[in-house]
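**Q** Taken from TrEMBL, the feature domain 'Succinylglutamate desuccinylase/Aspartoacylase catalytic' covers 31-99, 149-275. As annotated by TrEMBL, Zn(2+) binding site applies to His41, Glu44, His185. Sequence annotations record features per position, and here TrEMBL assigns transmembrane segment to 122-143. If you look up TrEMBL, you'll see Glu247 marked as active site, proton donor/acceptor.
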Amino acid sequence: FSLIFSFLSCRIQIKLLLDKMTSCHVADDPIKKVAIFGGTHGNELTGVFLVKHWLENGTEIQRTGLEVKPFITNPRAVKKCTRYVDCDLNRVFDPENLGALCQLISTSSQIFHIKDFANGSFYTVFFLYVYVTLATDVVNLFLSANNSKKMSEDLPYEVRRAQEINHLFGPKDSEDSYDIIFDLHNTTSNMGCTLILEDSRNDFLIQMFHYIKMSLAPLPCYVYLTEHPSLKYATTRSIAKYAVGIEVGPQPQGVLRADILDQMRKMIKHALDFIHNFNEGK
């Protein structure tokens, strides 16, 4: 049995590694739920202004068959016009801060991933062993949920806010999470219009970014790839199935420039147009 276990373990590890190396992310189903985040950093005012405007009048961001929700992510920091209150909201969307629910979902997804792979009788013994082991972990996580971090006044404000956002737009790594989140940022750097991509194999976002770039031309639009082989991103937008960071500069903190606002506004327009066209099969 130990020889069979070792052999199957090796086979599955190799298969998962090859899948990770060769697979691409392609959206098969229509995009239904989109969120536009502003104020993740409270002193980056373009996203704050646009989201507040769309909350009052969201006509320009609505598309047929698409739910688009503008949202102020860090209202206390926005009110103080500061980057954050206690800690950076854009760094705390990890399982440790989001709580046991996030860990439960992550472990459950591992079970179903292995279950899909182990579909032949040759793998039955090993599959049952792994399934029982991981199922036990899921149960333990569920039972210990009450002992995990909770939303209390003892936690930093941004951690509590992250848990609230994860509840509204996630849970992270689940099928119920929003399809796309656009997170709007400014920078003092002369980056112009920049789209932030976290996965070079995400065909859907690559096509979207190409569409945005072509639509903005001759205005330059850059793509900043932040891919890392082992780093799990804890950004605000990472709770969505497709995370899109939008960075436009230069703009000083606490200042609103009309030209920067117009550029970011056009980027969102073209992104939503692409999603609409994708859903229509164009």
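Any Cβ shown, glycine's included, is placed from N, Cα and C.
What's the neighbourhood like for these features in this structure?
**A** Taken through DSSP, the domain 'Succinylglutamate desuccinylase/Aspartoacylase catalytic' (31-99) splits into 28 helix, 14 strand, 27 coil.
In sequence order, Arg83, Leu184, His185, Asn186, Thr187, Gln251, Gln253 make up the list of same-chain residues 6 or more apart from Glu44 (Zn(2+) binding site) whose Cβ falls under 8 Å from its Cβ.
For the domain 'Succinylglutamate desuccinylase/Aspartoacylase catalytic' (149-275), the DSSP-based tally of helix, strand and coil residues reads 49 helix, 27 strand, 51 coil.
Listed in sequence order, His185, Asn186, Thr187, Met191, Thr194, Leu195, Ile196, Tyr224 are the same-chain residues at least 6 apart in sequence whose CB falls under 8 Å from the CB of Glu247 (active site, proton donor/acceptor).
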**Q** Check each residue in the chain of His41 (Zn(2+) binding site) that is at least six apart in sequence and keep those whose C-beta is under 8 Å from its C-beta; list them in sequence order.
**A** Asn74, Ala77, Arg83, Tyr84, Asp88, Leu89, Asn90, His185, Asn186
**Q** Neighbourhood of the Zn(2+) site (His41, Glu44, His185): other residues with Cβ within 8 Å of the Cβ centroid, in order?
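**A** Output for this site, in sequence order: Gly39, Thr40, Gly42, Asn43, Gly47, Arg83, Leu184, Asn186, Thr187, Glu247.
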